[in-house]
Amino acid sequence: MYLVAGGRGLAGCGHLSVSLLGLLLLLARSGTRALVCLPCDESKCEEPRSCPGSIVQGVCGCCYMCARQRNESCGGAYGLHGACDRGLRCVIRPPLNGDSITEYEVGVCEDEDWDDDQLIGFEPCNENLISGCNIINGKCECGTIRTCNNPFEFPRKDMCLSALKRIEEEKPDCSKARCEVRFSPRCPEDSILIEGYAPPGECCPLPSRCVCDPAGCLRKVCQPGYLNILVSKASGKPGECCDLYECKPVFSVDCSTVECPPVQQAVCPLDSYETQVRLTADGCCTLPARCECLSGLCGFPVCEVGSTPRIVSRGDGTPGKCCDVFECVNETKPACVFNSVEYYDGDMFRMDNCRFCRCQGGVSICFTAQCGELNCERYYVPEGECCPVCEDPIYPLNNPAGCYANGQIRAHGDRWREDDCTFCQCINGEPHCVATACGQSCMHPVKVPGECCPVCEEPTYITIDPPACGELSNCSLKEKDCVYGFKLDHNGCRTCQCKIREELCLGLKRACTLDCPFGFLTDVHNCELCQCRPRPKKCRPTMCDKFCPLGFLKNKHGCDICRCKKCPELPCSKICPLGFQQDSHGCLICKCREVPPSAGPPVLSGTCLSMDGHHHKNEESWHDGCRECYCHNGKEMCALITCPVPACGNPTIRSGQCCPSCTDDFVVQKPELSTPSICHAPGGEYFVEGETWNIDSCTQCTCHSGRVLCETEVCPPLLCQNPSRTQDSCCPQCTDDPPQPSTSHNESVPSYCRNDEGDIFLAAESWKPDACTSCVCVDSAISCYSESCPSVACERPVLRKGQCCPYCLEDTIPKKVVCHFSGKTYADEERWDIDSCTHCYCLQGQTLCSTVSCPPLPCAEPIKVEGSCCPMCPEMYVPEPTNVPIEKKNHRGEIDLEVPMWPTPSENDIIHLPRDMGHLQVDYRDNNRLHPGEDSSLDSIVSVVVPIIICLSIIIAFLLINQKKQWVPLLCWYRTPTKPSSLNNQLVSVDCKKGTRVQVDGPQRMLRIAEPDARFSGFYSMQKQNHLQADNFYQTV
């Protein structure tokens, strides 16, 4: 054995007698100072037999060996000569020359000199060979060991098998059972769900079912004057568990002479249920029942490993076709090919003696074996192996002897492989065995079957702490300035210098050990990568005198032909489902192809302006660093991420992070981020590719590539410290008054603010530097406010893009509670009328109905008015007026016809209108007449005079301001402000039609149309005196 730095091991297992003999000879001939033990593999240990005494563990602590007896050798280097039995000790005689005793001398086992008090209570164990069996992992494991106590439960194997058979009869083997996936049905209100369970002796559970709940049957109470009449008897089936009663008047229609047509019993498919019985208008006959789809029945199938679900037929929501029908099909995974052999995903193969590869997604990921260091003068590399092993020098002998090992005779000098890690050599009749020296440079090495040394698949730098580099100060270079990256110092930190191409290429190949016979692959900078080029196809040399700047075309075999390429390579990182567009020369460009009109419904081709200021084409996908985003009909739809709520009052979203955090929080919170064509929404519902829905009142989502992407309202800046949040608003709002500019400011000279990045903002303009911070320009100074987040009660709050505070999605997902009445479905809180006297209301699944009570009338002969519930006296009835069109002139002098809509008075209206409606007074209770108010003439005068006064004031103000060359508001519609450029001592203005206007100190003017920047959420004026000024930009005159 030899010293191996960092090695894991040799010996102690396997053919112990041969190995120990070889080890003794090796240690005797060489100056060994370390013992290398392999990882313990007890399956290769041989049970010591016919031991005269007890057994002890070997030198490596893995296998057992016979203990040394009296007068037998013991000890030696690392105890390779064995340990003495109980009651004996290993005695080493001192050297005759007077040298000191080392740890490598061989001793002899002798009786221990025990004192009488030491022998008290010492009783040697009487070890015997005991055979038996135990049940381990569902199998009978039998064996024979030498021990003092019997560790076996069954003395014979037949007894163990009988016990195992009894266990198997009581509990079936469900490892290979294939159970049908069944979804729990949605039970009607009169029944409860009984979950399925596996009966004794079976593996698959019974299907869940609905059973009638007697407690769900409620007794119906009728109003005075009505009787509770049984309409249909309960059948005992879910949906028909309760007797159906209806309230009918005491003096109802006589049904004795009515002959009802026969009603056939409806047989509903398994995915639907039969609705309740309905009556005709007279209440004598029953109408045919209908079938409606069960809610919550549709689900997504779960396929076994190696197969994926595929839609066979799509459901349309009708009984029998309520849900989509799926089937599980085998998925075809990409394979890797090496030496004409196919390897599938996860398979590992050997590329050469030192390189191993694993197939991952059709790509071979290769890595190199890790060999340890050898401290020996002579070594060799066994045939077919990568790592070398040590060998002893072979001296010439006259009559060398052979070796007998593993049933074979080996000649002097022969080498052979004992196992994956042990290599032996025959030297003069004795086998000398050594182990391969393995190195380890990673945390989790992978064991390759048939190989000794494990290999490292992960990079080794994970065990090295990254350098603590500070920010690069006093450097004007940006990321875009250094195409090949920044230069690094000796600590691995950036310097204010750009790399050149040669330095970048050298770094990519510096640690590469691959020997590629056909060269290396190159990247976009034409630098060689540590990846081998595939074997080139056998192509004839091209005899062509053409000069092709873009290269030659290739045929179907990949060989060059004498035709020039007309298009350059397309370096594009976009993901386009329908491919790329072509330019006028027929070459591909980095733009996604639009959907043809015949492929489906028309899709808007508008572009998306993301919150980071980039434009994206319709149906384009990208990743903004935190979320997957998608441009859908001009809207930026991004995935919801899960973020914890910050505990401080002024959180912020730092550069390079996705979730809000506190200033003293150094732990970076990473957001938690399928099968294509199916999306599983947070509310538990499934949606297909391209389907759009509202997850709450503020968030619209769409299904794209198996991901739920959502678009939310962009909230304006919050110019207060503690905004309030209401349920009817998607954005938090400020209840305090916004900051006002000082009155002493000279309004003749417009003020503006400039931030650290050089952006210019107009006076009273507000913006959001990030999702948690809002700023405003007041008196040429920037004031910023930080939004604080309230605590939430859910475990996984989500964060919308562009917003600061996470919130609980469970609180916003409405519960779809509906009411079923007379064969119709009504939403929660929906009202409807059965007739003029009966009004119903849906409240949390309960149908509540009210009947109008008619008051007594003083007249003798009341009349019945059509559309009214209660009769009325003739003197109280007012006929409905005729709607005669009235001619009115609008502000342009044109004649408009206006048809007045007069209300119909009724004593039975549930919702009473206010008594004062503009210049008309409505009083139903007094005389049921409409009277013009006394102020009608005054309102007419005001409506004419006030606009004239306002117009004159505006004209006079305009003339006065024009003389002083002041700033005046433009009467234009509000729009998102444009981002001004960085200016020096210039006055900035915004024109509603022409864009950004700049006035220099001189008479010259510059005009430029500015691109909108999504970071600036709009112009929010602070001037409360003029409402027109609050929504307008300013222009110099």
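Note: Cβ is positioned from N, Cα and C throughout, glycine not excepted.
Copied from Swiss-Prot, the annotated features are:
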- Cys37-Cys60: disulfide bond (DISULFID)
- Cys40-Cys62: disulfide bond (DISULFID)
- Cys45-Cys63: disulfide bond (DISULFID)
- Cys51-Cys66: disulfide bond (DISULFID)
- Cys74-Cys90: disulfide bond (DISULFID)
- Cys84-Cys109: disulfide bond (DISULFID)
- 401-457: domain 'VWFC 2' (DOMAIN)
- 469-498: domain 'Antistasin-like 1' (DOMAIN)
- 567-592: domain 'Antistasin-like 4' (DOMAIN)
- 606-663: domain 'VWFC 3' (DOMAIN)
- 677-735: domain 'VWFC 4' (DOMAIN)
- 751-809: domain 'VWFC 5' (DOMAIN)
- Asn330: N-linked glycosylation site (CARBOHYD)
- Thr1036: phosphothreonine (MOD_RES)
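Under 8 Å from some Cβ of the domain 'Antistasin-like 1' (469-498) lie the Cβ atoms of residues 504, 525, all in the same chain and six or more residues away from its ends. Listed disulfide-bonded residues near Cys109 (disulfide bond): Cys90 (candidates Cys37, Cys40, Cys45, Cys60, Cys62, Cys90; Cα-Cα distance within 10 Å). Looking only at the disulfide-bonded residues Cys37, Cys45, Cys62, Cys84, the one with its C-alpha closest to Cys51 (disulfide bond) is Cys84.
Residue counts for the domain 'Antistasin-like 1' (469-498) under DSSP, helix first, then strand, then coil, are 0 helix, 8 strand, 22 coil. Fewest other C-beta atoms within 10 angstroms, among the disulfide-bonded residues Cys60, Cys84, Cys90, are seen around Cys60. There are 15 other Cβ atoms within 10 Å of the Cβ belonging to Cys40 (disulfide bond). Its own atom aside, the Cβ of Cys51 (disulfide bond) has 17 Cβ atoms within 10 angstroms in the protein chains shown. Cα separation, Cys45 (disulfide bond) to Cys62 (disulfide bond), rounded: 8 Å. Contacts of Cys74 (disulfide bond) defined by a Cβ separation under 8 A and a same-chain sequence distance of 6+ are given as Arg68, His81, Gly82, Ala83, Cys84, Cys90, Val106, Gly107, Val108, Cys109, in order along the sequence. Cα separation, Cys62 (disulfide bond) to Cys37 (disulfide bond), rounded: 9 Å.
Among the disulfide-bonded residues Cys60, Cys63, Cys66, the ones whose Cα sits within 10 Å of the Cα of Cys40 (disulfide bond) are Cys60, Cys63, in sequence order.
Under the DSSP three-state reduction, Cys40 (disulfide bond) is assigned to coil, being neither helix nor strand. Compared over the disulfide-bonded residues Cys45, Cys63, Cys66, the count of CB atoms lying within 10 A of a residue's CB peaks at Cys63.
The CA atom of Cys63 (disulfide bond) is located 12 Å away from the CA atom of Cys37 (disulfide bond). Cys37 (disulfide bond) sits 20 Å from Cys66 (disulfide bond), counting Cα to Cα. By neighbour count, meaning other C-beta atoms within 10 Å, the densest spot among the disulfide-bonded residues Cys37, Cys62, Cys109 is Cys109.
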